[in-house]
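Participant: I have a structure I would like to understand better, so I am pasting it below and will then ask my questions one at a time.
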Amino acid sequence: MKKAIYPGSFDPMTLGHLDIIERSSRIVDELNVAVLKNNAKNPLFSADERVSMIKEFTSHLPNVTVTAYDGLLADYADQIGANIIVRGLRAVTDFEYELQIAQTNHAVNPKIDTIFLTTSLQYAYLSSTITKEVASYGGDISKFVPKELVDRVYSKFNIKR
Ligand code: ADP
């Protein structure tokens, strides 16, 4: 049984994330989306909010579970019995960082391998950071996040549209 973990901040979850979740869930038997609590990054959405938004938008995928974690990813993967890490690659700028992280995780836990899915072209520019930046100025984010999430992102910036 192939169990994979897709870790990230997901603050907030974007259509780019959802695309990676849908595509990787077809490759493995079980996919755990792991939300990094990471309070140091001062997230816009709490870990609980991020877990429940991802559950909401992946409810059509029966082999996808969503949890929050803290600490070393390699340890958490081990704890839940996953030996594949899924990451998305958008541009060459992602590559250097992702390569280093993948090699580190493999060094920390040799049972773990990382697989990369390249972004679908229409989401190549998209990130949680870009979404927050545009939303903070009241810009249109309807192409960035699931439509049910749009107003929830604006409300974090006290913006009504
Ligand atoms: P992190 O804080 O760990 O970078 P993110 O939530 O920003 O977490 O991203 C989680 C994963 O999703 C990363 O592998 C990232 O490269 C990938 N990802 C983010 N946005 C996209 C996108 N638009 N297309 C493909 N992969 C993406």
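The backbone N, Cα and C atoms fix where each Cβ goes, glycine too.
Nobody curates TrEMBL annotations by hand; they come from automatic prediction.
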Participant: Taking TrEMBL at its word that Ser9, Phe10, His17, Gly88, Leu89, Arg90, Tyr123, Ala124, Tyr125, Leu126, Ser127, Ser128, Thr129 bind ATP, choose the one of Glu30, Glu98 listed for that site.
Facilitator: Glu98
Participant: Rank aside, I only need the closest one: which of the binding-site residues Leu89, Glu98, Ser128 has its C-alpha nearest to that of Lys41 (substrate binding site)?
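Facilitator: Closest candidate to Lys41 (substrate binding site), judged by Cα separation, is Ser128.
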Participant: If you count Cβ atoms within 10 Å of the Cβ of Glu98 (ATP binding site), leaving out that atom itself, what do you get?
Facilitator: 16
Participant: Given the binding-site residues Leu73, Leu89, Ala124, which one has the fewest other C-beta atoms within 10 angstroms of its C-beta?
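Facilitator: Least crowded of the binding-site residues Leu73, Leu89, Ala124, by Cβ count within 10 Å, is Ala124.
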